[in-house]
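Asks: Handing you a structure now.
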Amino acid sequence: MGSMKPVKTNKAEEPELEPLCCCEYIDRNGEKNHVAACLCDCQDLDEGCDRWITCKSVQPETCERIMDTISDRLRIPWLRGAKKVNISIIPPLVLLPVFLRVASWHFLLGGVVLTSLPVLALWYYYLTHRRKEQTLFFLSLGLFSLGYMYYVFLQEVVPKGRVGPTQLALLTCGLFLILLALYRAKKNPGYLRNPASNDRPLSSGQTECLTRKGQEKTKGFPGAESSGSLNNRTLKDEPKGSSRVLVGSPTKVKEDWCAKCQLVRPARAWHCRICGICVRRMDHHCVWINSCVGESNHQAFILALSIFLLTSAYGITLTLDTICRDRSVFTALFYCPGVYADYSSALSFTCVWYSVIITAGMAYIFLIQLINISYNVTEREVQQALRQKTGRRLLCGLIVDTGQYNRGFLRNWYQFSTLGAHPFHHPAEDIV
């Protein structure tokens, strides 16, 4: 009788092991579901609609459950089961073309739309950053903005005959170099693993798994704060966890114990609550690449910023030279008569101003990064120094020098250029 129980169990589990068709998937409750039933059996959605129709307030917890259900059921048919679509990538794909085309109707509409777009982006950034959740919104916005600006350039600017083949080839090469640099910057930033694990490098699937587990562990936990990619020089809440300093030989670097990752982290490594894992020489968590900037990808991040700024400035110059002839770039930005008389020119001019706003924001981030590298300080260390009032502030807080790792301009840049190549041996004064 005891030998027959496993047989019954296997028979009962056989239907669950059947392969999924292209429209079926396993939902977050572990049950088989179908894409066609995306609006069925959602009690929270029914309750929310009833309260909305009767003009009653909906509880925030109900809204969160509704969003979780929608994100779990938003899928597309695929081989061996429907694939989940991240809902945060959809708004930029829909709203950006609509907003830019509406802004092209009149210069007053353009002013309102182009002013509201950064405000909405900042609001969404602070909303997601406060909840310590990963989002693909900004990565989707950045990539789609690159593609859409290039599309408008090909459709509206190139046919006017002012852009030559060489200029178009240079702009296209710049776009591909940006994508390559972003691909490199999206790789492992220098995740720290538990010494008990094996020494093989983390694959992308393992990294995503660690990220999800880390987010579950750190949700609502007052752990280490990672500074945002917008490089705001505002004070952050500091972690209130226990730490320890390993006292050993004078050649060892000060190390901290991370209670969440259960590992000893070296100096300048921090735990990112958004990624849910410790990062070696962490600079900040960048929402534009949906990843941390650390020891292994900091150089690629700077390279992507520099190529983007050069390519964007070149594209803006070519466009303004085409739609506002015989005027300098700066003059054409603020005075281009008759640009709204033609819809094609108006759309190109609106895209130019959108590119200028994005480029100005990236230029600020690039400037902060260059300053931090010159003083050998990370953005995370800047936030800590501002909170503890241990850093030296220059130029109204634009420059913050902690003095801990600063070894001079040339040596600081040499250390940055060799990040990830070999372990850097800190001087004895960095240990104490």
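Including glycine, each Cβ sits where the backbone N, Cα and C put it.
Automated prediction, rather than curation, is the source of TrEMBL annotations.
As listed in TrEMBL for this protein:
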type	residues	note
COMPBIAS	195-209	compositional bias 'Polar residues'
COMPBIAS	210-219	compositional bias 'Basic and acidic residues'
DOMAIN	254-383	domain 'Palmitoyltransferase DHHC'
REGION	194-242	region 'Disordered'
TRANSMEM	85-102	transmembrane segment
TRANSMEM	108-127	transmembrane segment
TRANSMEM	136-154	transmembrane segment
TRANSMEM	166-183	transmembrane segment
TRANSMEM	300-320	transmembrane segment
TRANSMEM	352-371	transmembrane segment
Asks: Just give the helix, strand and coil counts over the domain 'Palmitoyltransferase DHHC' (254-383), going by DSSP.
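Replies: Split into helix, strand and coil, the domain 'Palmitoyltransferase DHHC' (254-383) gives 69 helix, 18 strand, 43 coil.
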Asks: Please work out which recorded stretch in 108-127, 136-154, 166-183 has the most C-beta pairs separated by under 8 angstroms from the transmembrane segment (85-102)?
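Replies: Counting Cβ pairs under 8 Å, the winner is 136-154.
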Asks: Considering every residue in the domain 'Palmitoyltransferase DHHC' (254-383), what is the mean pLDDT value?
Replies: 90
